[in-house]
């Protein structure tokens, strides 16, 4: 073969491979865009999940604090009521022994 024919054949092969690479670039770009969209959605979903988890934790803490305060209030009320009940019983016992 003549050197010109080899040179032209090599040039045609290079042009054909360059065209093939150009055809792959948009699909590679599309693939990367799809990957980035998926990664963005995953990050957003994770962030939303974490925020919802934090809100749920705050709600649980608020409920626990409320129940704790209610139990403290009930304990105080019960203590005062039982103290009143005990003193009322003593008054009745004392009054009954004085009457005898």
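Including glycine, each Cβ sits where the backbone N, Cα and C put it.
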Which range is it, out of 35-67, 68-100, that shows up in Swiss-Prot as region 'Lipid-binding'?
68-100
Taking the region 'Lipid-binding' (68-100) alone, what is its mean pLDDT?
78
What is the total of other Cβ atoms whose distance to the Cβ of residue 41 (site 'May interact with the LDL receptor') is within 10 Å?
10
